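Structure, as structure tokens:
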Amino acid sequence: MASSNLLTLALFLVLLTHANSSNDASFNVETFNKTNLILQGDATVSSEGHLLLTNVKGNEEDSMGRAFYSAPIQINDRTIDNLASFSTNFTFRINAKNNENSAYGLAFALVPVGSRPKLKGRYLGLFNTANYDRDAHTVAVVFDTVSNRIEIDVNSIRPIATESCNFGHNNGEKAEVRITYYSPKNDLRVSLLYPSSEEKCHVSATVPLEKEVEDWVSVGFSATSGSKKETTETHNVLSWSFSSNFINFEGKKSERSNILLNKIL
């Protein structure tokens, strides 16, 4: 009888362990609406369902806008020492008034939940200093129209990896972006394609997200426009999908369950 009770208790605890699994996430946005977004600064949604990050309709300079998915995303589960992998696909269009002298660019970013806009200009609304700031807890993939390159920024506007990409040459054209993060190797990869010109750009870096961002993050976009009328540009996101999963969870969960059973039985 005692053995039977112990077995029942063990099975209950295993089921409880399974119930407390990490939170995978997935969404697909073909047309944006304000109900599933946190909009900050000048960001808004057009009648066509496009995400408009910067406002330069009246040649306003120094515009900044941020938009994040309304639900927080779990990146790290410290209870089982498990880090999520993720992938995101989106399309965007940057339209500069003067494609040879425009600023500043657009970024896809992981930021703290409840984060507020930071400095404008080259800081892209994501950072308050050029130096490494661990408290920023922000990782961003930046499409830098000043330097015509893709950057990977980790808690600083000083990139840890860059690759040239001619945004000026593709002014006003739709770009297709895919970003993947493979957690077992901390491998962050970015690929961009301009279908109209067939130009491709790639960049990658090793980023230990468990050390650089908080366990729960907001995912989304931030952009800033030039501080002079001749350098203004618009940043529109046309579609967006995101998926995250704890790919090692099943193995770790089984191992944890077996340890629990062995200790009890």
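Glycine is no exception: its Cβ is also placed from the backbone N, Cα and C atoms.
For CYS165-CYS201, the entry in Swiss-Prot reads disulfide bond. Here Swiss-Prot flags ASN33, ASN89 as N-linked glycosylation site. Residues annotated as signal peptide in Swiss-Prot: 1-21.
Take the glycosylation sites ASN33, ASN89: by the count of other Cβ atoms within 10 Å of each Cβ, the lowest one is ASN33. Between ASN89 (N-linked glycosylation site) and ASN33 (N-linked glycosylation site), the C-alpha separation comes to 18 Å. Other C-beta atoms found within 10 angstroms of the C-beta of CYS201 (disulfide bond) number 20, with every protein chain shown included. Between the CA atoms of CYS165 (disulfide bond) and ASN33 (N-linked glycosylation site) there is a gap of 30 Å. ASN33 (N-linked glycosylation site) is 30 Å away from CYS201 (disulfide bond) when you measure Cα to Cα.
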